[in-house]
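Trainee: Shown below is the structure under consideration.
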Amino acid sequence: MDETSPLVSPERAQPPDYTFPSGSGAHFPQVPGGAVRVAAAAGSGPSPPGSPGHDRERQPLLDRARGAAAQGQTQTVAAQAQALAAQAAAAAHAAQAHRERNEFPEDPEFEAVVRQAELAIERCIFPERIYQGSSGSYFVKDPQGRIIAVFKPKNEEPYGHLNPKWTKWLQKLCCPCCFGRDCLVLNQGYLSEAGASLVDQKLELNIVPRTKVVYLASETFNYSAIDRVKSRGKRLALEKVPKVGQRFNRIGLPPKVGSFQLFVEGYKDADYWLRRFEAEPLPENTNRQLLLQFERLVVLDYIIRNTDRGNDNWLIKYDCPMDSSSSRDTDWVVVKEPVIKVAAIDNGLAFPLKHPDSWRAYPFYWAWLPQAKVPFSQEIKDLILPKISDPNFVKDLEEDLYELFKKDPGFDRGQFHKQIAVMRGQILNLTQALKDNKSPLHLVQMPPVIVETARSHQRSSSESYTQSFQSRKPFFSWW
């Protein structure tokens, strides 16, 4: 077909120009049939809707818009999460700071003693370590240097990681199979001390020196090397660069949580006085006082199931006051009736989650005393039976213990229910022993009981309980 043929278009008369406009900025060889994609020039009209070019150019823009929106939402959620985390951390820090203030509005006398201890530490009158025992415990002093309390930090307990006594460390290293007491919750001794004081106050026994959970910091406590280095670094920063040092929440050593028990004066180990009373018998009235105080110790130890009660960790105060108010011209003095009181200390190994059933039975050593063979008196029955026979009283006691025990960072609700089940069983046995006019010796020979809350699929306003007896005995049984 020649160029003059009517089938040839006039536009095709000239050879096609495959070069791009100079404004495009692209230079490609003029090859017929070459496919290239050219960016639209500024001011050029949009592609017709529905054309392939239009879809290809619009799709990335939509994807970018959606991606930007999703990224914005993610950043918003992350910012909200960070804000919530910051609020939670601030709330936790505020709660911790509130606890560390050691405020006891329900017991202003106890709070005043704690303030004296804090003031003494500020004046560099530090607590003094007690070298007896298997844990880190300290005599706390007032600004005048007098002993006012005994402090037992949580992390310095017999099985704590900062226990300064090497005996437990050696036992753990050489005999791990016999390390610890599997019937107890480890590192909860400070709560056990405070719990025993709570039970004592609820039952109005008045034999446990008031004990509560307190936070204290002292140079004489056993801290890790890291804590001491951090404390020295913060103090140095505060001295050298005050603007930086003032930003720290705490400058000194971190406070330790532990049990703070008021110190009792004039008491000696029960073993000392019991041996003396055996050699020098007491008058009848004085011996009666000792028996009534002894019964209170039995009630307390049995309810909390104290696994560490010997005759060397409860105290007796024997006071024989002399009345010298008579005339100085005479040599006569009037001797008043002696006064005997008992103090139950060292209650850190109580509230087990099961009755001892492995190697040792952890008996009550007071069960071998002659006072344990005497039936319970009417005075102790009148004091205790109305309380422990009332389900509402027992329930209130459980709730108070729950509020105390849940303060521990490692609190486990399941373990607490097991502890309460053991305590209910002890209360059940004690109630029956008091009603049957039994003696403390007969009480400890009763079979161990566990009273658990019955599980029911139906909701009920009242709780039901299941009672079970423990048949397994420890390898080294004492009865």
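Quick reminder: no glycine exception, Cβ is built from N, Cα and C everywhere.
Okay, these came from Swiss-Prot:
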COMPBIAS  31-45  compositional bias 'Low complexity'
MOD_RES   MET1  N-acetylmethionine
MOD_RES   SER5  phosphoserine
MOD_RES   SER9  phosphoserine
MOD_RES   SER44  phosphoserine
MOD_RES   SER47  phosphoserine
MOD_RES   SER51  phosphoserine
MOD_RES   SER462  phosphoserine
REGION    165-178  region 'Important for interaction with membranes'
REGION    268-276  region 'Important for interaction with membranes'
REGION    344-364  region 'Activation loop'
REGION    359-368  region 'Important for interaction with membranes'
Trainee: I'd like the per-state residue tally for the region 'Important for interaction with membranes' (268-276) from DSSP, helix first, then strand, then coil.
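Mentor: DSSP classes over the region 'Important for interaction with membranes' (268-276) add up to 7 helix, 2 strand, 0 coil.
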Trainee: If I take every residue in the region 'Activation loop' (344-364) and average their pLDDT values, what number comes out?
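Mentor: Per the prediction, mean pLDDT sits at 87 for the region 'Activation loop' (344-364).
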Trainee: Tally the residues of the region 'Important for interaction with membranes' (359-368) by DSSP class, grouping H, G and I as helix, E and B as strand, and everything else as coil.
Mentor: 4 helix, 1 strand, 5 coil
